[in-house]
Amino acid sequence: MSTRNCQGIDSVIKPLDTIPEDKKVRVQRTQSSFDPFEKTSNQVKRVHSENNACINFKSASVGKESPKVRRHSSPSSPTSPKFGKADSYEKLEKLGEGSYATVYKGKSKVNGKLVALKVIRLQEEEGTPFTAIREASLLKGLKHANIVLLHDIIHTKETLTLVFEYVHTDLCQYMDKHPGGLNPENVKLFLFQLLRGLSYIHQGHILHRDLKPQNLLISDTGELKLADFGLARAKSVPSHTYSNEVVTLWYRPPDVLLGSTDYSTCLDMWGVGCIFVEMIQGVAAFPGMKDIQDQLERIFLILGTPNEETWPGVHSLPHFKLERFTQYGPKNLRQAWNKLSYVNHAEDLASKLLQCFPKNRLSAQAALNHDYFSDLPPRLWELSDMSSIFTVPNVKLQPEAGESMRVFGKNNSFSKSLSNSKH
């Protein structure tokens, strides 16, 4: 049986891909012409159908300036002289270390709250790591209950520190703690929150591009938060294509596996489908063990080997050669993941997310309106962006198998060990 890898800085802090209309930033694939904190006045147009997950945008023009990083204090505390200063935070313990950053659990000396400090080492010859610039520039404009909050940015000669809200665990570790599949009611609330956050960023012209359980943080009250925006990209970028090395293999859609670099928000929706199945079934949907070929075979075994009739244009993808793949017919998803049949409308929703042809995948907003969520309180669809779903009466997580009702609450924290995490 395949085992999840929940280790790494990714499971502490994670990035996104959204820019509000009034805070668009110039984004380019190389460092040579990127100013993350410069606004652009170019209009970005959204063209999509109500249910189609693939949203395309006009590109904004990009200038030729050198990259700059400027210190920005938390918008929520603009009058406090202590925000934006390194000595405003106390490091408590190291949570993880990667090739260019170290993450610490910390405490704010301003308000006493726990924070996560992502300390990025700056090297004169290389400049600021581009993924860090991208993450900071995107996150500073995002304000949503289901997106990890960037409190502060501290820039010194030696380091760039991103100060995030501290979140106790992630979905990968949560599922490892509760093997065999999660409580169906909890799956529904986690998925609703994931779609809520994705709908927000997609409407803001942003793709996450790296959805996986390690990048979905879960607070001690059960709030799910999108994180790890290092691979996120605003769809106002001038380039029409992106690197296909963007999503962990198990959650990577078949179009990207086949070499497509022309994708949009539909990329994220495949990952949603994989995570949905994994939460219900208790195992990864497509746990490839070898390489891209093996990963595709696992997908086609269940969904059917594509052809021009089921996937227009598939024969023109760089890595598609019909003779390389076993010819499979599509199966009912419950044949592969039997627990989908135990939950009303779960199989139908999963089938509309896990579509090989990208344009057939359900959008985040359309998924929120699926019958799978029909038994949730209507007030959930009326919440403001910054309101938690748990502010609605009678909305709460249920105990997992073997747990008591006191698992979630302010006096409890997850027994998570991140100190051994490695990038």
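Cβ coordinates are placed from backbone N, Cα and C, and glycine is handled just like the others.
Going by Swiss-Prot, these are the annotated features:
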- 62-85: region 'Disordered' (REGION)
- 89-373: domain 'Protein kinase' (DOMAIN)
- L95, G96, E97, G98, S99, Y100, A101, T102, V103, K118: ATP binding site (BINDING)
- D210: active site, proton acceptor (ACT_SITE)
Distance [Cα-Cα, Å, rounded] between the residue listed as 'active site, proton acceptor' and E97 (ATP binding site): 19
DSSP state at L95 (ATP binding site), helix/strand/coil: strand
Neighbouring C-beta atoms (10 Å sphere around the C-beta of D210 (active site, proton acceptor)): 26
Rounded mean pLDDT for the residues that make up the domain 'Protein kinase' (89-373): 89
Residue with minimal Cβ packing [other Cβ atoms within 10 Å] among the binding-site residues L95, E97, V103: E97
Conformational class of A101 (ATP binding site) under the three-state DSSP mapping: strand
Packing count at A101 (ATP binding site) (other Cβ atoms within 10 Å of its Cβ): 24
